[in-house]
Amino acid sequence: MTPSRATPAPAPTQRRTVRVKAPGKINVSFSVGPLRDDGYHSVASVYLAVSLYEEIAATTAPAGEITVSLRAGSLGQNLPLDESNLAVRAARLMADVSEQATGVHLEITKRVPISGGMGGGSADAAATLLACDALWNSGLSREELTHLAAELGADVPFALLGGAAVGLGVGDELTPALAPNPLHWALVFADFGLSTPTVFTALDRLRVARGKEPKEPEQIDPAILRALRAGDAQSLAGVLHNDLQPAATKLAPQLAEMLEQGTEFGALASIVSGSGPTVALLASSEEHAAELAERLSLSGRSALAVHSPVHGAKIVSDLIH
Ligand code: ATP
């Protein structure tokens, strides 16, 4: 059935399920400024949405009930399924602004590793906003949805937008970037997570120890935007940048080995994604990315070939049953 805002309300015995997919992200550039008085850091980042998707199935439920479950077999079996879950928080926020809000049950299909530096929780939040917007005919503009997204977390607006974008502020002030040609990557997953705030704190400590005062990150290296616009993986390889990488590697020294292994196996470049610990290996083609992922898997790593950029949160089905 074609997704539509005009879908009629289900009869009392019927339920409606809206399914939405939203992508994980990597950052091809991440500059972090000094710690601000509000406890956040200002950043200048370039996000790329990658073809590894979270999926939310939102089904109408009795008024006032907001519940969440994980699809059997998906990642994240230890994920909190209470009020702290980002999908639940997103549904509550949407219910507050939707006149026709019912209850909702959210089923998460998790493919992006938890605390992996790829914004999986943010993708769940963005997908839930869009699913509940459709389910409750909220009629919010994209701008209003983006505003709600920013209340939920710095990476949530990008999971709504997708594609490629520059993120300023805490990462939530987005400007789409041109990236018309696909880039191919092999993602290497760790068997542990890293907490984003802990990695930022480790960076602050490293900077104090080195006596380095960070500057406000106001600008993105134009070479990054040029390489994205040209779809030029070779050029991009030379300018990938992540201020958080030394801090993540200090907290998890095994990251150094993962990064080195990528280049040993022939990646054009290796970078820690966001606050880590997922590592993104840049490949020269789709075949190269598949080959890298296969070699890494054979060596005992968990790895997957993906491409970028891909769409942001998108309705994939809308059914009354
Ligand atoms: P980012 O790169 O955006 O900082 P991340 O990808 O490293 O985040 P996430 O998996 O998005 O990490 O979020 C990690 C934290 O959020 C964990 O503490 C986890 O318990 C909590 N969390 C709450 N809801 C979710 C959810 N739906 N999916 C993943 N994590 C969630």
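Along the chain as shown, residues are numbered 1 onward.
Positions of Cβ are set from backbone N, Cα and C atoms, glycine also.
Per TrEMBL, these features apply:
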ACT_SITE  Lys25  active site
DOMAIN    85-163  domain 'GHMP kinase N-terminal'
BINDING   Pro113, Ile114, Ser115, Gly116, Gly117, Met118, Gly119, Gly120, Gly121, Ser122, Ala123  ATP binding site
ACT_SITE  Asp155  active site
DOMAIN    225-297  domain 'GHMP kinase C-terminal'
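Distribution of TrEMBL features across the structure.
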| residue | record | DSSP class |
| --- | --- | --- |
| Lys25 | active site | strand |
| Pro113 | ATP binding site | coil |
| Gly119 | ATP binding site | coil |
| Asp155 | active site | coil |
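Cα of Gly121 (ATP binding site) to Cα of Lys25 (active site): a distance of 11 Å. Once Cβ contacts within 10 Å are tallied over all protein chains shown, the recorded positions Gly117, Ala123, Asp155 are led by Ala123. Here the Cα atom of Ala123 (ATP binding site) is found 9 Å from that of Lys25 (active site). When the Cα atoms are compared, Ser115 (ATP binding site) and Lys25 (active site) turn out to be 13 Å apart. Here the domain 'GHMP kinase N-terminal' (85-163) is broken down by DSSP into helix, strand and coil counts: 44 helix, 8 strand, 27 coil.
Neighbours of the ATP site: apart from Pro113, Ile114, Ser115, Gly116, Gly117, Met118, Gly119, Gly120, Gly121, Ser122, Ala123, residues of the same chain with C-beta atoms within 8 angstroms of the site's C-beta centroid are Gly24, Val112. There are 32 other CB atoms within 10 A of the CB of Gly119 (ATP binding site), with all protein chains counted.
Across the structure, Lys25 (active site) and Gly117 (ATP binding site) place their CA atoms 8 angstrom apart. Summarised by DSSP class, the composition of the domain 'GHMP kinase C-terminal' (225-297) is 43 helix, 11 strand, 19 coil. Taking each of the binding-site residues Pro113, Gly121 in turn and counting other Cβ atoms within 10 Å of its Cβ gives the largest count for Gly121. Within the set of recorded positions (Lys25, Ser115), the lowest number of other Cβ atoms found within 10 Å of a Cβ is recorded at Ser115. Recorded residues Gly119 (ATP binding site) and Asp155 (active site) have their alpha carbons 6 Å apart, per Cα-Cα distance.
Candidate recorded positions: Lys25, Pro113, Ser115, Gly117, Gly119. Those with a Cβ under 6 Å from ligand 1, in sequence order, are Ser115, Gly117, Gly119.
Averaged across the domain 'GHMP kinase N-terminal' (85-163), pLDDT for the predicted model comes to 96.
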